[in-house]
C-alpha cells in the first residue's frame, strides 16, 4: 500500500486550499511537530490596565453667616411622654391631618439638623397609654425564627431542584427530567412558566418522544397556561422529527384555528424539512402555496432546507432553480450555510470538481468561508484520498487563524481509517490529544473502524476501553462500529454479546446493525440465525415506529 502522508505544518507562502502544493512530507512530522503548534499558534492574552474605583465625593453645603447651631438629640422629659401625648393626642393629629392647616416650609423643617430626626412635641402620632402599654408588653410571635427558616429552606430546595431539572435537560435525560418536573409541580409555591414547557417539549422532540410531548402539552393547557405559536411549533417539531407527518399537519391545522397561535415561517420551515426527509416533495409544493396565500415569505433557512433536500435526492434541476432564485432575490440571499450545503452535497457524492467550482462561485459572490466550510473540504478530499489537498486546506486554516476543531481531526482520522492506515491515524489522534482537543463518539467510531480495517483487533479493544475511561457516550453508531469489528474478526460470539449489551443499554438498533450481523452469519452459513435475526429486525422496526 502506498505511503500516505499528511503535513500539519504551516507554510510561509500563501496557497489556496483548492490549488495545493504538491509536496510529500513524512508522517513522522506530524508527531515531531505536535508540541510546536501549541507555542506558535497560542493566543497571547494582553493584560489590560487595572481600573481603580474612584471614591465619589460630595459637595459640602456652604454655611450661612447667621445660622443657628445644630440641635442636639432630644429626649423625652418628664410630663411629655406618654401622659402628655395622651392629652394632646387628638388635637395634634387632627391639626396635622387637616388640609387647611399651614405646612411648614422645607427649609424650616430641616434647618439646623442633618441627623436622624426624632419626634418633637405635638408631632408624634400619639397612641393611648393603654395601647402603648399593651404593645410594649406584647409577647413575641412564637416560632417566628422557625417559620423564617422553613421559608428559606423551601426557597433553597426549589433552587436546588430547578437546577437539577436544568442539568437533566442539558444531559438530554428526558425521563429523569420529567420526574423532577412532576415533583416540582406538586409544590404549591412552584408555578412552571412557558420557557420550562418549551425546553421540555424540545427535549422530548429530540429524544424521539412525540407522545410524551403531546401529553405534556395537554397538561400545560389543563393548568390554564395560554399556548403560543412557539409552543405549538415545538409540538409540531416533535412529530416532525419522528416522521409522523399526519399528526404534524394536524397540529398545523389546529394552529390555523387559533387567532393568537397562527403559524409563521419557522412553523412552515420545520414542516417542510420533515416532508423533505420523508421524500414527500409534493407536500413541499403544497406548503409553499399555502405560505404564499398567507403572505409568509420563505427565508434563507427555508431555502437552504429545500436546497439540501433536492440535492440529497439527486434532483439537481430543482436545486439549481432554488439556488438561482436565491441569487436573484433581495430577501433570501444565499449565506455561508448555503455554500456549506451545496459543497457538502457534491463533496459527499465525490464530485470534487463541482465542489471546487461552486466554492469559487460563492467566494466570488462575496461569501466568506468558515471553519465548517474548510472541514467539509477536508472531509471530501479525505474520502477521495487526496491527501495533498487535504493538507493544503489545513495549512490554509492555520495561516488564516481558523482553529482546528474536533470535526477537523475527525475528518482526517476518518480518511486514514477508511484506507486502513493505522499509523497515520494514530499520529493524527495523538496530535489531537496533545492539543487538548476533546474527542467525541465519532472519533472513536473512526478509530475502531480503522483498526478493524487494518486487522489490529487488539487495538480495537484498547480503543473501547479508552472510550469508557473518557466517558464517551455510546450511541447506535458506536455499537455498530464495534459489531462490525467483531464480524471482521470472525468472532460471532463477541458480536452477539455486544448486540445484547446494546439492547441492555436501550440503545436502538437500526437497519445497518442488522445488515452487519446478517452478512456475518451468511459468511458462516448460519441460516437459522439469519431467519431469527430477520424476524427480530421486523419486530424492532415496527415497534420503533409504533412507539414514535
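Including glycine, each Cβ sits where the backbone N, Cα and C put it.
Remember, TrEMBL labels are computer predictions, not curated facts.
Per TrEMBL, the feature compositional bias 'Low complexity' maps to 1-16 (among others).
According to TrEMBL, the feature compositional bias 'Polar residues' maps to 17-27.
The compositional bias 'Low complexity' annotation in TrEMBL covers 90-100 (among others).
What TrEMBL lists as domain 'Pentatricopeptide repeat-containing protein-mitochondrial' is 391-501.
Per TrEMBL, region 'Disordered' is recorded for 1-30 (among others).
According to TrEMBL, the region 'Disordered' annotation covers 46-122 (among others).
Within the model, the repeat 'PPR' (193-227) shows a mean pLDDT value of 91, rounded to a whole number. Annotated repeat 'PPR' per TrEMBL: 193-227 (among others), in sequence order.
The annotation repeat 'PPR' is assigned in TrEMBL to 228-262 (among others). Taken residue by residue, the repeat 'PPR' (228-262) breaks down under DSSP into 28 helix, 0 strand, 7 coil.
Sequence-distant contacts of the repeat 'PPR' (264-298) (same chain, six or more residues past either end, CB-CB distance under 8 Å): 229, 232-233, 236-237, 239-241, 243, 245, 248-249, 252, 255, 305-306, 308-310, 313, 315, 331-332. The repeat 'PPR' feature in TrEMBL is assigned to 264-298 (among others).
The feature repeat 'PPR' is assigned by TrEMBL to 299-334 (among others).
The repeat 'PPR' annotation in TrEMBL covers 335-369 (among others). Under 8 Å from some Cβ of the repeat 'PPR' (335-369) lie the Cβ atoms of residues 18, 300-301, 303-304, 307-308, 311-312, 319, 323, 326-327, 376-377, 379-381, 383-384, 386, all in the same chain and six or more residues away from its ends.
The repeat 'PPR' annotation in TrEMBL covers 405-439 (among others).
Annotation source TrEMBL lists repeat 'PPR' at 475-509 (among others). If you look at the repeat 'PPR' (475-509), the same-chain residues 6 or more away from its ends with a CB under 8 A from one of its CBs are 441-442, 444-445, 448-449, 451-453, 457, 460, 464, 467, 516-517, 519-521, 523-524, 526, 540, 544.
Long-range contacts of the repeat 'PPR' (228-262) within the same chain: residues 194, 197-198, 201-202, 204-206, 208-210, 213-214, 217, 220, 270-271, 273-275, 277-278, 280, 283, 548, each at least 6 residues beyond the stretch ends and with a Cβ under 8 Å from a Cβ of the stretch.
Counting only same-chain residues 6+ beyond the ends of the repeat 'PPR' (299-334), those with a CB under 8 A from a CB of the stretch are 265, 268-269, 272-273, 276-277, 279, 281, 284, 341-342, 345, 362, 365, 367.
Counting residues per DSSP class in helix, strand and coil order gives 26 helix, 0 strand, 9 coil for the repeat 'PPR' (193-227).
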